[in-house]
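Quick look at what Swiss-Prot annotates:
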| type | residues | note |
| --- | --- | --- |
| ACT_SITE | 111 | active site, nucleophile |
| ACT_SITE | 210 | active site, cysteine persulfide intermediate |
| BINDING | 16, 17, 18, 19, 20, 21, 22, 23, 42, 135 | ATP binding site |
| DISULFID | 111-210 | disulfide bond |
| SITE | 136 | site 'Interaction with tRNA' |
| SITE | 349 | site 'Interaction with tRNA' |
């Protein structure tokens, strides 16, 4: 477990336990390291589907029971905290509003920013806890001058620093990631859970948006925003088909387009632009998705903000690769230029900047510039 100044003595640690294997092993490691650990499961959903057997996500009653059983095996106190109202306001309503505006949000990143390391952390500190522990794969590393840095996990294949890139210095000072500094496969984590007697050792990972129980994002949005039929057009404005709500699409999407005829060249079409004002979805060839620059707003820095232009690597989606960029903060907006064109960048997603393995900061993508023409 990576050390910080506060980690040199036993801490009172609140372990966020989702009911999955990663958070259970993280809590067990924190307890084994000598910390005074208390487990907590966050009740985040008022959706009745979350209470049915087999519901997917990480907010179900079964997950709460799994977390409690794991805490019992570890030998730590356990509580369930109801943060459903805060989660609905800060994550679910934001998710719907962003899609309605033609953007593609990342609810996991938003949850880390507003729930796990804000609502949960604030309550933990008020109750006298020193740190919040989660099962994320990332590292908080202490420099010689006492500054804490957020770094990628030792195992790049499982690194989750992207969804933690919104954390600021205060939040990092109270963050603990016991899984981040070990190079182990998921099978090894499961084997460790089994050795510890944790029943979640064989529990499948959840890859769905936790508050959409059936995994149907378009249906979830339609229930809240209603159907709004509009046109699907090509770049010349020719009508190719219709949709039931522009909010149901994202930049780069290929599947689910209701287009009756193929492109003249026979190649697939992709979503290039979403106009909530006109309720229009524009489609075109894959190469039209290439962008060479973007503007990003609401920057958050893990440490001091850069004082001038710099060269970094950037990650644009949770499971995406790295790309080299030139970035500069101009009047509070992050101006980014790619060394090579990047395909399918969606406004609303986060760009996270890295200096080696260190997270420099993040911002929300507001607009992009096509590699061949004007703004996307």
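Including glycine, each Cβ sits where the backbone N, Cα and C put it.
Overlay of Swiss-Prot feature records on the structure.
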{"residue": "16", "record": "ATP binding site", "Cβ neighbours (10 Å)": "24"}
{"residue": "18", "record": "ATP binding site", "Cβ neighbours (10 Å)": "24"}
{"residue": "20", "record": "ATP binding site", "Cβ neighbours (10 Å)": "21"}
{"residue": "22", "record": "ATP binding site", "Cβ neighbours (10 Å)": "23"}
{"residue": "42", "record": "ATP binding site", "Cβ neighbours (10 Å)": "25"}
{"residue": "111", "record": "active site, nucleophile", "Cβ neighbours (10 Å)": "26"}
{"residue": "136", "record": "site 'Interaction with tRNA'", "Cβ neighbours (10 Å)": "25"}
{"residue": "210", "record": "active site, cysteine persulfide intermediate", "Cβ neighbours (10 Å)": "24"}
{"residue": "349", "record": "site 'Interaction with tRNA'", "Cβ neighbours (10 Å)": "23"}
Of the recorded positions listed as 111, 136, 210, the one whose CA lies nearest the CA of residue 16 (ATP binding site): 136
Where residue 111 (active site, nucleophile) sits in the secondary structure, as DSSP reduces it to three classes: helix
Whole-number Å value for how far residue 136 (site 'Interaction with tRNA') lies from residue 18 (ATP binding site) (Cα to Cα): 11
Length of the line joining the Cα atoms of residue 20 (ATP binding site) and residue 136 (site 'Interaction with tRNA'), in Å: 11
Maximal Cα-Cα distance (Å) across residues annotated as binding ATP, namely 16, 17, 18, 19, 20, 21, 22, 23, 42, 135: 16
Between residue 42 (ATP binding site) and the residue listed as 'active site, cysteine persulfide intermediate', the C-alpha gap once rounded to whole angstrom: 12
Nearest recorded site to residue 111 (active site, nucleophile) by CA-CA distance, among recorded positions 22, 136, 210, 349: 210
10 Å Cα neighbourhood of residue 22 (ATP binding site): matching recorded positions from 136, 210, 349: 136
